[in-house]
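*Asks:* Got a structure here, written out as structure tokens. Questions coming.
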Amino acid sequence: MVSLRRDRSLPRLSWSSVVEMKSGKSFEGESVRSFLERVRTFAERRAEREPAGSMTMEGSGIGEVVVYSMAMSPYAAAVRLLLAEKGLEYNQREIKGMKREQIQPWFARINPKMTVPAVTLAGEGGVETTLTDSREALAYFEREGAPGRRLVDPAKERETWSLVDEAYAIQLAALYCDRFRRTKPAVLEMMEDMHAKLLSELGRLSEEEPQLREEYEAKKREKETYLENFVRGSGKVAENEARAKALLDRAESLLGPPSTQEHEGFLFGKYSVADVVLTSLLATLLTFDCEPLQGRPNLAKYWDRVRHRPSYAKAGVVHSLPLWVRVMTSLASAYYGGRAAIARMLKAK
């Protein structure tokens, strides 16, 4: 267990990382940022060491598969989970979001959207295919003739992909930003500061990398829209809460008592790509305390089943905030809360 305490010898609002372990050891004078960097690096290295799969792509016309991922991305988690369920081997490259690796030129050339996941597949004759979003990747690995077992029942293909698309219509940022707005508003201030730095770096890269200027300018516009719609504003909350409720209620109904047809405890009988997407969605909603299981007993039992499948651990799906994120949000609450208190005092004078 790790705890942080304020070093009272320092000036107000200047934080040191006096990090105390149960063993009694401490790291006096180490900066909070340095400590968080060590925690995050350890987690990322551990994720990179995790085995990825068991079945090769031999004979499929597909060579090496590389998944560019972030541990907390539900979309990257869906691709990893699909590949794990299909028993397919892949190499995972963790993109370090705190270092803004996703906007660096080397990655922008792989995925001009500068988002995860991106999947590269080496083909015959050295030709490489790049999949730049998770929905595209799910369809690619579920196409006719793709390696591994099928995760779509041909007889239920339309309703399976319909549920997948219903899940993709939910803008998750609206939900977790609203959660922070109501419980930890300082986190939104931290996010705004982080996005300001991101926008500044995008502007710099746009000037330094003229061959990628169009992509960087598009990314700037996207992040500015994100700030306005989700971090600063709450106008998108109601519609996305409604979408999430409709999907979760539909899942609760599908998981109800079996009819005369065979029912194996999943959305459409056997485990399918719809279960892959719902699992990653539930994991994210639980991570941010959005309470998707409340009042849905069938979904609660379902969640217990899917998170204990071997593929869940193999894919590295997470349903709680990592330690370094919890520490960072706690520090943000203290720092921005203190800054706001000082501002109020100065205004009152």
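Backbone N, Cα and C atoms are what each Cβ position is placed from, and that goes for glycine too.
Because TrEMBL annotations are produced automatically, they should be read as predictions rather than curated entries.
Copied straight from TrEMBL:
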| type | residues | note |
| --- | --- | --- |
| DOMAIN | 63-149 | domain 'GST N-terminal' |
| DOMAIN | 181-331 | domain 'GST C-terminal' |
| COILED | 188-222 | coiled coil |
*Asks:* What residues in the same chain, six or more past the boundaries of the coiled coil (188-222), come closer than 8 Å to it by Cβ-Cβ distance?
*Replies:* 100, 103-105, 108-109, 112-114, 177, 180-181, 231-232, 328-329, 332, 336
*Asks:* Could you give the mean pLDDT over the coiled coil (188-222), rounded to a whole number?
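*Replies:* Taking every residue in the coiled coil (188-222) and averaging pLDDT yields 97.
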*Asks:* Write out how many residues of the domain 'GST N-terminal' (63-149) are helix, how many strand and how many coil, based on DSSP.
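*Replies:* DSSP composition of the domain 'GST N-terminal' (63-149): 36 helix, 22 strand, 29 coil.
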